[in-house]
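Summarising the annotation, TrEMBL assigns domain 'Apple' to 1-80. Per TrEMBL, domain 'Kringle' is recorded for 84-163, 166-244, 256-334, 356-434. Feature annotation from TrEMBL assigns disulfide bond to C167-C244, C188-C227, C216-C239, C257-C334, C278-C317, C306-C329, C357-C434, C378-C417, C406-C429.
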Amino acid sequence: GDILDDYLRTDGVWVLVKNREFYKTNNEKECAEKCEAERNFTCRAFLFTRKKLQCLTLAENAQMALAFASMDTDLYEKRIYFIQCKRGIGTDYRGTEAKTQRGIPCQKWAEKIPHKPNYTPEKHPNAGLEENYCRNPDADENGPWCYTTDPAIRFDYCAIPECEDQCMHCNGEDYHGEISRTQSGLECQRWDVQEPHMHGFTLQHYPEKDLKMNYCRNPDGDLRPWCFTTNPNKRWEYCNIPHCTTSPPVSDRGSQCLSGKGEDYRGRIAITESGNACQHWNTQLPHKHGWIPDRYPCKGLQENYCRNPDGEKKPWCYTTNSSVRWEYCTIPPCDRTEQGIAGMNNVPVQVPLTEECYRGKGQSYRGTTSVTASGKKCQAWSSMFPHMHIKTPERHPDADLRDNYCRNPDGDSSPWCFTTDPNTIWEYCNLKRCDDHTQD
């Protein structure tokens, strides 16, 4: 493969490192070759300046040194130094674990006390024998080890976890692997930067989604893991993550009652709150939709049972009534008494208006309508599926972008929303303008 595949690229960054070497090269690949061949120190990264065609090999990466913006410079960091797990017997492990499986601190490889080592950085310059980090210079079948600081114990093995398989179950929402290229070969943009594409998927907003480095992830319940790309002309793209051959782990069989938003509800209620029968998930009549069971194997889309595959406020279904595309279902709560008391004490009761309306352009509208003028269901403002957008609650904190309720955060002519129809990005909502003489 390409030598640059072993590096993580960040545009416009300079790293201040004392231990470095300068070279004149024609391109990034030649600079990477200089880093691989570096003998003055262990090369963890390199800088490449596009105008001067200058190459700087570095003994430290951005995690170990001071970094700041530099318009003409690209930083390439060796991926291997970000991996804290072992593959196979761990001969290529370059993590920073520095104690044994019994908790004994490791002796530095360059030191001779309390044990005189057979394996030293001088004798094995390519084995990564830095500091006192666990390594496997002799290809021991039991994995990485180190000399210990206990005079009575010469060496011991280290408890290095196995790297996760580079495969996914279901739609890859629990994928935590390290693939970082899209299906067309584009390199992924880091989740913690906003260039070349601005977005709302940050670790701060999605702390449980493991948005590390520039690894492919599925934080929004999409078909499969994806990422923003480093190509300014391609905002995002799916990644090619193979499906695991083993069965997905089974945590439970799902709930038969409503808990939270009911995303784990697996009961057999198949009628909406207004009495409409639910449409089967594997059919496209009378309503066409994208929630196909084969595409979402772990969402419980069986028969025509009410489900919540998209993080709605409660389970719902498409209806067999051609004039009503979808409706919520009435699912009994798991603890009626407890939820009833909590609802009365903590949650304001929302009385549905017989005819919700808006005034002016509707920027002050705070109702709960979530259907467009053509009957399409609104996409949640915090979701990026099926449409990526920047109208997020974080960017518009005063617009009350809750759930998937119709709103007007940008001063349009009336309230609107993104739709759950992949072919229709947005539409105005099914709302009327209030009569000016109506009492507030």
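Glycine is treated like the rest: Cβ placed from N, Cα and C.
The Cα atom of C167 (disulfide bond) lies nearest to that of C188, taking the disulfide-bonded residues C188, C257, C334, C378, C429 as the candidates. Ranked by the number of CB pairs under 8 Å to the domain 'Kringle' (356-434), the listed stretches 1-80, 84-163, 256-334 are led by 256-334. In sequence order, S180, T182, C188, Q189, W191, N214, Y215, C216, R217, W236, E237, C239 constitute the residues six or more apart from C227 (disulfide bond) in its chain with CB-CB distances below 8 Å.
Ranked by CA distance from C257 (disulfide bond), the disulfide-bonded residues C244, C306, C357, C406, C429 have C306 at the top as the closest. Counting every protein chain shown, the number of other Cβ atoms lying within 10 Å of the Cβ of C239 (disulfide bond) is 23. Under 8 Å, Cβ to Cβ, and six or more positions away along its own chain, C306 (disulfide bond) finds Y265, G267, I269, A270, I271, T272, C278, P315, W316, C317, C329, I331. If you draw a 10 Å sphere around the CB of C406 (disulfide bond), it holds 25 other CB atoms from the protein chains shown. Stretch with the largest number of CB pairs closer than 8 A to the domain 'Kringle' (256-334), among 1-80, 84-163, 166-244: 166-244. If you measure from the Cα atom of C434 (disulfide bond) to that of C406 (disulfide bond), you get 15 Å.
For C429 (disulfide bond), the disulfide-bonded residues whose C-alpha atoms fall inside a 10 Å radius of its own C-alpha are C417, out of C244, C334, C417.
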